[in-house]
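Taken from TrEMBL, the feature DNA-binding region applies to 10-79, 132-201. Taken from TrEMBL, the feature compositional bias 'Basic and acidic residues' applies to 76-106. Annotated compositional bias 'Acidic residues' per TrEMBL: 107-116, in sequence order. The domain 'HMG box' annotation in TrEMBL covers 10-79, 132-201. Taken from TrEMBL, the feature region 'Disordered' applies to 76-116.
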Amino acid sequence: MEKVKYPNKPKRPSSAFFIFMEEFRKQYKQKHPHIKSVAAVGKAGGDKWKSLSDAEKAPYVAKADERKAEYEKDMKAYHKRRAEGTKEGAEESKKSRSELIIKEEDHEGSDEEEDDNFAFRIMEKVKYPNKPKRPSSAFFIFMEEFRKQYKQKHPQIKSVAAVGKAGGDKWKSLSDAEKAPYVAKADERKAEYEKNMKAYNERLQTKMG
């Protein structure tokens, strides 16, 4: 699939899984220097990710949220520049379509990184336009609240990993009764998601039929 990409446009941030893979890939290659297969590294990383608890994934999710917030901020500034017709926006507008078309998988980096990212990309579920977003688990709903409270109490702590670890430890210390409100919210979101997915699948079948 091809799409138009403009110079200086902010790069879409990585998901929590890919942030985890950035770290895992380096560790795996150090431990297994003889393994050159990109697919093998990708499979090992995917299996490891699946084995992690929500608490263990929390630092990567927090980093992903942070990068997403920064990306949205940069995109807002980017669209503002284009709308105001700045020099940068004008130069982008003058680019011919043929110069701007690139493949969706193209990105900056070495050939090895491109091969790795391609392998990891195909491990993620294919996303279709307008497909309902999978709902958060009870733990991540708890983290939405915890993250705000933690930053208010500890404004000097900027480490995303520290916030994730603190949240994971706090979650483990909660009783089932204390977790119940978050579980209820998760069940509610899951029910809404399943309802939306049913409608989404029906629309797909109608188009395909």
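Every residue, even glycine, has its Cβ placed from backbone N, Cα and C.
Automatic prediction, not curation, is the source of TrEMBL annotations.
Summarising model confidence by region, the domain 'HMG box' (10-79) averages a pLDDT of 87.
Each residue in the DNA-binding region (132-201) gets a DSSP state, and the totals come to 56 helix, 0 strand, 14 coil. Per DSSP, the domain 'HMG box' (10-79) is made up of 56 helix, 0 strand, 14 coil.
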